[in-house]
Structures are given as structure tokens and as C-alpha cells.
Amino acid sequence: MTLLVGLGNPTLRYDHTRHNAGFDILDSLVSELDLSFIFSPKHNAYLCVYKDFILLKPQTYMNLSGESVLSAKNFYKTKELLIVHDDLDLPLGVVKFKKGGGNGGHNGLKSIDALCSNSYYRLRVGISKGINITEHVLSKFHNNEEPLKNAAFEHAKNALKFFIESHDFNATQNRFTLKKPLQIES
């Protein structure tokens, strides 16, 4: 089994903020598959089981995401872990896959690294960098950013669908990594 985690913050206050990119992408994937999440008090997370994947949205707030991830990882005895998260070091429209590495100051990744190690797969979704990091990651996308954000999130969702079908991280990485922002037509 593979644990596929979308990072974000719970509550309506944070809906569709930059920091909730992981939640939004998993929500879109689950909706397209005509599935739904159920809340698991045991893992303090929303869960969805599809094929041999556990899709997880921790409800602990970002800084404690590792608690939900570790709980589900141990309970389901998953062999692989893929984290979908926002990355302010990448421009909006860039989507990158990688295995392992540092947390780049991302508090959700820090929490997961501390409890689970840092040798997991990552789907990094660019949100660009703002002047005030905290305000920026907790802000919603501007209207003029929406088309590019939507295209990048759609690309990320399609990458996850490919990964679920192929079970091949390297093929997914090679096929779906975008080193430059997507080009969208106006």
C-alpha cells in the first residue's frame, strides 16, 4: 500500500489558500474518481481508500501533519509515502517530483521529517514567494493567478492518477515534472 498525503490546514478559514494546495489537489482527484473522504478520528485525518492507495488529508494543522501521517503509515503498514505540498521556492505553474531532500522551511514537511524520516516521495507545487512568507502562504491566489494555478493543479492531479495506475515514481517524475511554469492561453 502507498500513503498519498495532501498537506493543508483544516477549517474554512484556510480553504483554497496557497498552503492548502495539497488538500485542493487531493480533493480534485477524489472528486474525479467519484469517491469521497471520510473522517478518521484514529488518525485525525480525512481518508479515502482507492485501489492500494490510502489518500490522507491531516486535520492537525500544518505544523503537526506528521502525527496523522505516522499514525496512518503505521496502521496501514504502507510501503511508500508521497506528500503533495505547496512550495514557495517554485514559481506558480511549476510542478516537480523528487525523492527525499530537505524541508525548505515547510512546517508540514518538518513535522513529517521529524516523525517519519525525509526519504519519501514529494510532489512539489509552486506557489511563488511573497514578501511576508506567513501572510503569503495563508493567502488565497489572486484572480490573475487563478488560470495558471488551476492548470498546475490539474497537471498535478493527472500526475497522481498516472502514479496510481503505474506505481512507477520515476516514470511519473519524468513525464509530469514541469521545470518551467505551464504556458496557458489567454
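A Cβ is built for glycine as well, from the same backbone N, Cα and C atoms used for every other residue.
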Taking Asn107, Asn118, Asn132 as the options, which does Swiss-Prot list with Tyr14, Tyr61, Asn63 at the tRNA site?
Asn107
With the fewest other Cβ atoms within 10 Å, the residue among the binding-site residues Asn63, Asn107 is Asn63
Integer Å distance between the CA atoms belonging to Asp86 (site 'Stabilizes the basic form of H active site to accept a proton') and Tyr14 (tRNA binding site)
14
What is the set of residues, excluding Tyr14, Tyr61, Asn63, Asn107, whose C-beta falls within 8 angstroms of the centroid of the C-beta atoms at the tRNA site?
Asn9, His19, Thr60, Met62, Leu64, Ser65, Gly108
The recorded positions listed are Asn9, His19, Asp86; by CA-CA distance, the one closest to Tyr61 (tRNA binding site) is Asn9
I need the CA-to-CA distance for His19 (active site, proton acceptor) versus Asn107 (tRNA binding site), whole Å please.
10
Just counting, how many other CB atoms are there within 10 A of the CB of Asn9 (site 'Discriminates between blocked and unblocked aminoacyl-tRNA')?
21
